Amino acid sequence: MDLAKDNKLQRLSGVVNGILRQYIRSTQGNHDPLILPNDTLKKLAIQYSFPDWIIETWLQKWGEETTEKMCHWFNQSPNIDIRVNPLKTNLETLQTQLTSAGVNVTPLGRFPCALRLKGKIGTIPTLPGFSQGHWTVQDTSAQLVSYFLDPQPGETIIDACAAPGGKTTHIAELMGDQGTIFACDRTPSRLKKVQENAQRLELNCIETVVGDSRYLQQFINKGDRVLVDVPCSGLGTLHRHPDIRWRQTPENIRELTSLQLEILNQAAQWVKPQGTLVYSTCTLNPPENQEIIQTFLSTHSHWKIEPPNPHWAFSPFVTSSQWIQMLPHKQDSDGFFMVKLKKG
């Protein structure tokens, strides 16, 4: 009841009170008032509060054990990962500064510029180094996308769906702020966030471009590397945005997959011969991931999947199909999909 009132839902406090009283009465015996159905799909959907269609999708792809582990993981509080800006400081220095400020900080193994903040941390902008551009908030799965793209100093990079700029600025850092990054988005207000992030991090190689990436023609054969981090259903971020599970529908997914394929088809034209493109999403939904890539490759015979170097630091995340599927309960990070394609 207090939560209802605190969230300006006083009119529902009576309903909440009635439900709680009914639950108390039902638990006064020795039986569990919540009797779960025997059907696996229905059981998991009720137990973890997920719509049937998401559970069905995951069961078909990963089976019952993995599906239940993901459901459980997504109902926990999210991690807060940060990415150190190596052009301004280093991981050890920042870790010391944050620890001195009373923040519980943990390095994240194979991610060379990542720290995880645990417990109560206060307000992000007031923490040491943030306003000076020494770090930015970014989940490790999102950080992996830029490492996978592997941008090099002096190259021309095109980010097809750049806002709000987490991956764009990471790419700039990996390039040593040398080269050119065209950061594209159709919404000027979202591109403003890219510019603000770049300014705070003191990165100068990013040029913002307002426009729908399905129709931009000026970049054809211009990019050494292109990032296509498409709009998606976000099913890999349900711990951060739990409402997504109820807002997304199979109908929405069909519209998204059409948009994703349009963006990919156009962005592929931006890549120079022998150049590379990384396609990525923050969802755990095969029609937006593997199936999009299979459809694209079936109509673009001069493109192929480029396997990562087997000695790459992140090679344990690579599947037998040579793409990366970050499963949150295994990697303890957002659910992501990414694949690198090479133009012949």
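Each residue's number is its place along the chain shown, starting with 1.
Just so you know, glycine gets a Cβ as well, placed from its N, Cα and C.
Whatever TrEMBL says is automated annotation, not expert-curated.
What TrEMBL says about this protein:
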type	residues	note
ACT_SITE	CYS282	active site, nucleophile
BINDING	CYS161, ALA162, ALA163, PRO164, GLY165, GLY166, LYS167, ASP185, ASP212, ASP229	S-adenosyl-L-methionine binding site
DOMAIN	70-344	domain 'SAM-dependent MTase RsmB/NOP-type'
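Location within the structure of each feature annotated in TrEMBL.
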residue: CYS161; record: S-adenosyl-L-methionine binding site; DSSP class: coil
residue: LYS167; record: S-adenosyl-L-methionine binding site; DSSP class: helix
residue: ASP212; record: S-adenosyl-L-methionine binding site; DSSP class: coil
residue: CYS282; record: active site, nucleophile; DSSP class: coil
- Message: I'd like to know which of the recorded positions CYS161, ALA163, CYS282 has the most other Cβ atoms within 10 Å of its Cβ.
- Response: CYS282
- In whole Å, how far is CYS282 (active site, nucleophile) from ALA163 (S-adenosyl-L-methionine binding site) when you measure between their Cα atoms? 14
- Around the Cβ of LYS167 (S-adenosyl-L-methionine binding site), how many other Cβ atoms lie within 10 Å? Please give the count over every shown protein chain. 22
- Taking the Cα atoms as reference points, how far is CYS161 (S-adenosyl-L-methionine binding site) from CYS282 (active site, nucleophile) in Å? 13
- Item | Recorded S-adenosyl-L-methionine site residues CYS161, ALA162, ALA163, PRO164, GLY165, GLY166, LYS167, ASP185, ASP212, ASP229, farthest C-alpha pair in Å | 19
- When you measure from the Cβ of ASP212 (S-adenosyl-L-methionine binding site), which residues in the chain that are at least 6 apart have a Cβ under 8 Å away? ARG186
- Cα of CYS282 (active site, nucleophile) to Cα of GLY165 (S-adenosyl-L-methionine binding site): how many Å, rounded? 15
